[in-house]
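This report concerns only the one structure given below.
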Amino acid sequence: MALSRLERAQVWLLKAVTEVLVIVFRFFSPRRPALSGKKLPPVRNPLLLMSATQLAKNIRRKEVSSVEVVQAYIDRIQEVNPFVNAVVKDRFAAALQEAAQVDKLIEEETGGEEVLEDRLPLLGVPLSVKESYALQGMPFTTGLVSRRGIVATVDAPPVALLKRAGAIPLGVTNTSELCMWYESHNHIYGITNNPYDLGRIPGGSSGGEGSILGAAGSVIGVGSDIGGSIRMPCFFNGIFGHKTTPGVVSCENQYPPSSGRQEEYLSSGPMCRYAEDLLPMLKIMAGPRVDMLSLNTKVDLKKLRFFTIPHDGGSPLTTPVSKELVDIQRKVAERLEADLGVKVQEVHFPELRYSFQIWDTYMVLPDKEGKPPQMFAELMGEPGRPAWPLWELLKWMIGRSDHTLAAIAVGLIEMTRMSKTPSSIIQMKEKLQKEVDELLGADGVFLYPSHPKVAPKHHHPLLRPFDFSYTGIINMLGLPVTQCPLGVGEEGLPLGVQVVAGKLQDHLTLAVALHLEKTFGGWKDPGAN
């Protein structure tokens, strides 16, 4: 189905806006000191090389104290955070006090290890939290200068559930401004770096989480995802992440809140270095809705149907998928066939060429009462009047804007939207939804690129702002997806793939993630030689 003349004009306008922003950035952006030659120190403490599941078991068995584990992670954060700028506010003193209370509780427990495991499965394990989640007593700004000084008075439900399971928050991590860009940079906390190459991005909006997890400064974390904000940081930083089926894990007490129909596409989920932590974390974070998923069902991978989609079919807005990512996805398919005796079928959907247009159209649809979502320019201007992106661009050029160029770009792109919802895009999405749902059923899984390229250099997303469409389209389809690391490529940067299943079939992608970790080795220490 071809785009109309008006829709083709919109594509041209989007490209033109992007090119203007790139020219402005090259002329007016301040130069940053070169970081590419510096490297993170390697992991030396063996406690940092254990999964959260294993740490919790060892703590319950008194083989190691929670204080020792928490102190090991505090030491690592203090060692790597000057390089990556991922943790933007810590609570180390409180965390050590809580760890001491955990150790005392274990000493006094008379019911045995099994009782503790059932009641407090993450007892004594450190946790990092994306700053856009409410964590009581911690900053809650989402990088918006006008929210500087705002402190959370409650815990967001997933955070509260993890704390109730015994996890100990160490601090909050950086995001993109208002969580709407895939580079984590704002004018409160600055820019976050990728632990594998400090001159490259860690992704966004959960980029602080991805960076500190990839740097071994955390073992488990919490992210949110409406266009790839869990999966891109996990891909760029070589870790695991899971975007849940929407509606399972609560998205309350995040900023900005969803509006319009956005709650249908927004998901909260776990981020971690070890695949075995995904399932227990999701069981905890799902809380009262855990029974919506079949997380206790044993998965026989040999009985699943596997598919691979190598690219989006050639969208004029996205970068072609690099050869090394095409090759690694092909190797995954070959290994699944060799290991499991299955057939991985290559499929193509022409509608994927319009992934950005579908994502952009559905993000602004009104809710059931006809109320449209809050405009990004309104969020930028809170608590006052909406921001005027063109004016903010002029202010940015002379160093007077409180907003990043990326946020201003989102505001400008918002201005290019057509006032009337394009029926052709709605039809494309409905057709794609029907075809994908029929393909997957309850036992199908497909592989899809996480991004067209490995982690870009800082600010390069301005050159290719629509490449997030590879993750964003999965949000619009409402599907669960696990991001899996696949080692590092020729530049020493993480490779990876998205593993997607049908709605509410989250357990399938989590099982595939465990297999891929064994096959490809999972997370790699960025400081190792």
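These residue numbers are counts, starting from 1, taken along the chain as shown.
Using the three backbone atoms N, Cα and C, a Cβ is placed for every residue, glycine included.
What TrEMBL says about a protein is an automatic prediction, not a curated fact.
As recorded in TrEMBL:
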| type | residues | note |
| --- | --- | --- |
| DOMAIN | 68-510 | domain 'Amidase' |
| ACT_SITE | Lys130 | active site, charge relay system |
| ACT_SITE | Ser205 | active site, charge relay system |
| ACT_SITE | Ser229 | active site, acyl-ester intermediate |
What is the total of other Cβ atoms whose distance to the Cβ of Ser229 (active site, acyl-ester intermediate) is within 10 Å?
36
Count, for each of the active-site residues Lys130, Ser205, the other C-beta atoms lying within 10 angstroms of its own C-beta, and report the residue with the smallest count.
Lys130
In whole Å, how far is the residue listed as 'active site, acyl-ester intermediate' from Lys130 (active site, charge relay system) when you measure between their Cα atoms?
11
For the C-alpha pair, I'd like the distance in angstrom between the residue listed as 'active site, acyl-ester intermediate' and Ser205 (active site, charge relay system), rounded off.
5
